[in-house]
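Working notes, beginning with the structure itself.
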Amino acid sequence: MKMEVEEGKSLMETPTWAVASVVSVMVLVGFFINAALRHIGKWLYKTKRKALIAALDKIKEELMLFAVLSLLMGHWIIYAAKICVKSSAISSRFYPCSIEKSLVDPLHHQIPFHIYSNSSVSRQLLSHRNSEICPEGSSSFASKESLEQLHRFLFVLGVTHVSYSFFAIALAMIKIYSWRIWENQAKAIATPGPQGMRRLSTFIYHNTAHPWSQHNILVWLLCFSRQIWSSINRADYRALRLGFITTHNLPLSYDFHNYMLRSMEEEFRDIVGISIPLWIFAILCIFLGFHGTYIYFWLSFLPIIFIVLVGTKLHRIVIKLAVETKNMSQSQNQRPGIQQINLRDELFWFGRPRLLLRLIQFISFQNAFEMATCLWSLWEVNETSCFTKDHRVLVIRLTFGILSQFWCSFITFPLYVIVTQA
């Protein structure tokens, strides 16, 4: 295969109008993004959305972090490429793409193009071998081209994760705003006595009528099936609303829906951004992404698995509350409306409700990481490679990523908000 190499021109050999055009475009894009964030912040201050203001600040911090990473990599790439290690330490076992034939001559460093399943890897290695940066018997710790590709991947990851954050809060708001009609109906009949009892009785009947609802094992299958198509229904919303109002001795006309919105904004503030554990997870994924592990393929199923677990657990809590209320009313020969819904931390895994929130945060980050990996592969690797050669795997990964992110933002996250706050 013939490889054409065209040496780049320096800044001194580039027309001034071309340089000025590039700088102008970059400055305009920067000012546009800054103005958009500033207008969003002003609107949030005007509407007194303190939690979302804090979330926006965390998004700005995330953008600042990626900007600093970009500056550091842009300046230090050339120095990192000059770090030399023994050639024996650079094992092909840890290449993302496998070598089909072991035909590498360590003395002359001749690497035929046909031995690599990824021709871009071949070009990178050939360019590296021909560059006389390191002495004989040594190799560059990481080539300049590979570090530039990593630089672009971090850019894609930053854009994708920030976009997913806005996408998540938008879907969650749409879902919770759809509950406003239930809130208005509940406030319209905000009278003590039979109406409250009827709402709680409907909630109990809906969650205990199925024969599986009081079975220790089959109830999990019931919860699994329910969390697939809906986050919560009207009877559940009204009952949880009534339980919250009764527990906190609030008037029946209390705007529970507005409280849900504020709670959702506070929860979103806590999960936005990339924490240190998530960075460690991303670094481990990159480290373990060598050929033969198929780690990115298997990780694409992880968000769906966690969403199913979290959604099933939340519905299990709702059913358990209904069963407890029913059993208590029967044992004390009282009407269901008199009983309070006893929501407590012990109903959650390890007595920690926020553990579910951390799983939701991980789901969102993993989906963004998955999408960034796929987009970077399609953008960066022009030739057929181990990243893009199997289109079925790529489609499966993208499908699961988009589906799980929509599911998490539109169904699971709003369900978590109302169950934990009620």
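The backbone N, Cα and C atoms fix where each Cβ goes, glycine too.
TrEMBL does not curate its annotations; it predicts them automatically.
Note that this is a predicted model, so its numbers are computed, not measured.
The following features are taken from TrEMBL:
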TRANSMEM  17-41  transmembrane segment
TRANSMEM  62-81  transmembrane segment
TRANSMEM  153-174  transmembrane segment
TRANSMEM  271-289  transmembrane segment
TRANSMEM  295-312  transmembrane segment
TRANSMEM  398-419  transmembrane segment
Highest-contact recorded stretch vs the transmembrane segment (153-174), from 17-41, 62-81, 271-289, 295-312, 398-419, CB pairs under 8 Å: 398-419
Of 17-41, 271-289, 295-312, 398-419, whichever stretch has the most CB pairs under 8 A to the transmembrane segment (62-81): 271-289
Winner by Cβ pairs under 8 Å against the transmembrane segment (295-312), considering only 17-41, 271-289, 398-419: 398-419
Residue numbers, six or more beyond the limits of the transmembrane segment (271-289), whose CB comes under 8 Å of its CB atoms: 55, 58-59, 61-62, 65, 96, 157, 161, 165, 295-296, 299, 357-358, 360-362, 364-365, 369
